[in-house]
Amino acid sequence: MSDADVDAESNPYLRDPPTEFEPAESLSREAAEGQAALLREAVREHDHRYYVAADPLVSDAAYDALFSRLVALEDAFDLDTTNSPTNRVGGEPIDALETVEHVAPMLSIDQSTDADDLREFDERVRREVGAVDYVCEPKFDGLSVEVVYEDGEFVRAATRGDGRRGDDVSAQVKTIPTVPLSLRGDHPDRLAVRGEIYMPKSDFSDLNARRVEAGEDAFANPRNAAAGTLRNLDPSVVADRPLAVFFYDILDASARPDSQWAALDRLREWGLRVTDRIERAEDVAEAIDYRDRMQAARDDLDYEIDGTVIKVDSRDARERLGEKSRSVRWAFAYKFPARHEVTTVRDIVVQVGRTGRLTPVAILDPVDVGGVTVSRATLHNPDERAALGVAVGDRVRVKRAGDVIPQVVEVTEDGGGCYEFPDECPVCGSAVDRDGPLAFCSGGLSCPAQREASIGHFAVKGAMDIDGLGEERVAQLVDAGLVETVADLYDLTADDLAELEGWGETSAENLVAAVENAKHPSLDSFLVGLSIPEVGEATARGLAREFGSIEAFPIEADAEEDEFDAFEERLTTVPDVGETVARRVRDFFENADNRAVIRALLDRGVDPEPVESGGDELDGLTFVVTGTLAASRSDVTELVESHGGNVTGSVSGNTDYLVVGENPGRSKRDDAEANDVPTLAETEFEALLAERGVAYPPE
């Protein structure tokens, strides 16, 4: 018997179920499979009633008895438990989170705290598609995920990531009670939905109390707790923490409802949890009123929200409005203003970032700001601090920018103190360099603060991608004296690591292997890993294309001034590298300690792959892509750039072609029309590349 054959109405484990059973071993396999199928159906129904409908049918004790019986049957007869509710207790730890492509793009939403911006959004919508109704929803302050079902069964879950790709967190999400492993009712064959994973505020307080009692650090806020939990590699840890989810959008389905309101009804019918704080609005005034009422009620909710989302209800109108490259044009997030509280400044310290940037930070009397205890707040930069006039002893108004980052807004009462920004780095004593309003430590990688932060950054995805080397482990390696610079990572042995607290033979060997596997990065990834100021992934790709190999950079110990002059001049020819960025990159390479670290990496066998140009077949051509293509956006960019072309994010008079894939955004097409830029369907794009000897899609 399969679970699908079970008739819920005749299931004996739904109402007044037995709590005692004969030994599992006394059943035949056929009888055990039949009873297990009934129990799975019953446990799923009880989960739905308890977590989603808030209308339980049985007592906790009865539920526990049914659950235990199901576990006993599955264990005794080695039954298939792929999507059994018993899987929620968590499985074996995994080595790392893998990146997966989303079924459909998870685009962002334009946002503002200003009602006039919402009114402008409404005017544009009505101008383009006429009168519409809106659906108003809370803007949950959690972690957005895509959950995929096939034939009604849970298949996969992934974080939002960059909107196109995210981390596979299937093992973690399966443990969350409010995520059904099997859909209810007349569900579509294929379904991808979007939801927000969060930690209830009441459970967050209890979790933090337990962590403090156990000698562990408390989480800063429920969102951090949810995000940290979901990315934990051990599903049993996730299962032990109180995560929950609200679903609010259908990303892809074999049959899609014709409105958002209908989509929410379908989600409920399929057993997917939807908040009851959703309303319709006939005009923008009603949407503003909804937001004001939600702001007044936010403290009474058991989940964090930071605003409301206003969505065009009609799917037809949505399709006509289209999308931008990163956000939809049919929804708007009307956010709450940041919360403010007044407290006293007890000290001002200077924080040193991984690129050497010095940031003044106010140490405060602890104050509760929106449910989070704030004891530190950024002052941004020396000029901002001076403009605010903040000094020790002042009473200041503090807010959480975006309800996340604490910052000082103003001085409300002068405490009579004074403060001067240091002219030396507080960590290493090197001179402070000023660049406009910003201040930087000139010590480079010889500065311990920059060194430790740069080691952690060296290992991240997009740089050297060293699995298992997070911030805590980096701090442990530095504290133990095993690592002073990133080059020292390549001297580590399993014996060194196995002696450290919390390490075993397997984890030590895994890290050594991961470091060894990171000896042949692409040149742009290597440059990202060096923590060069102003150099992110896009700029690193440009530098890699321009210079071709690491040896083309001035990295020798005896590099002279004229070499750096020529280097800086060449930098300004790289797309999107202006004079300021060129100067910051020059400063990095002009620092002898930084060059020594690069040479030490090369001496230890790190060999960044030279950029081998695929030719100049696309030289001088600039493309913009909208919609979904057969190849990922990053693969298209890499292909075009390797053959001398350029891919940008927006259409202008300098664009040669707009490549249009599936579900394209309207704004780029409008911009292309306004600038007389030709558009290419994907097949036409493929033909154009083929004419120039470039194969597409890339292998």
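Just so you know, glycine gets a Cβ as well, placed from its N, Cα and C.
Under the heading region 'Disordered', Swiss-Prot lists 1-29.
A strand conformation is recorded for Lys311 (NAD(+) binding site) in the three-state DSSP classification. As annotated by Swiss-Prot, NAD(+) binding site applies to Asp60, Ala61, Ala62, Tyr63, Asp64, Ser108, Ile109, Glu137, Arg160, Glu196, Lys311, Lys335.
Taken from Swiss-Prot, the feature active site, N6-AMP-lysine intermediate covers Lys139. For Lys139 (active site, N6-AMP-lysine intermediate), the number of other Cβ atoms no farther than 10 Å from its own Cβ, over all displayed protein chains, is 22.
A 10 Å cutoff on Cβ-Cβ distances gives Cys447 (Zn(2+) binding site) a total of 22 other Cβ atoms nearby, all chains included. Swiss-Prot lists Cys425, Cys428, Cys441, Cys447 with the feature Zn(2+) binding site.
Confidence across the domain 'BRCT' (613-666), taken as the mean pLDDT and rounded to a whole number, stands at 82. Residues or ranges marked as domain 'BRCT' by Swiss-Prot on the basis of sequence analysis: 613-666.
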What three-state class does DSSP give Asp64 (NAD(+) binding site)? helix
Among the binding-site residues Ala62, Cys425, Cys428, which residue has the largest number of other Cβ atoms within 10 Å of its own Cβ? Cys425
Using the structure shown, find which entry in Ile109, Cys441 (the binding-site residues) has the sparsest Cβ neighbourhood within 10 Å. Ile109
Fewest Cβ neighbours within 10 Å, where candidates are the binding-site residues Asp60, Asp64: Asp60
Note down the number of other Cβ atoms within 10 Å of the Cβ of Arg160 (NAD(+) binding site), including every protein chain shown. 20
Closest of the recorded positions to Lys311 (NAD(+) binding site), Cα to Cα, picking from Lys139, Cys425, Cys428, Cys441, Cys447? Lys139
Name them in sequence order: residues not among Cys425, Cys428, Cys441, Cys447 whose Cβ is within 8 Å of the mean position of the Cβ atoms defining the Zn(2+) site. Val352, Gly356, Pro426, Val427, Gly429, Ser430, Ser442, Gly443, Ser446, Pro448, Ala449, Gln450
Simplified to three states, DSSP reports Arg160 (NAD(+) binding site) as coil
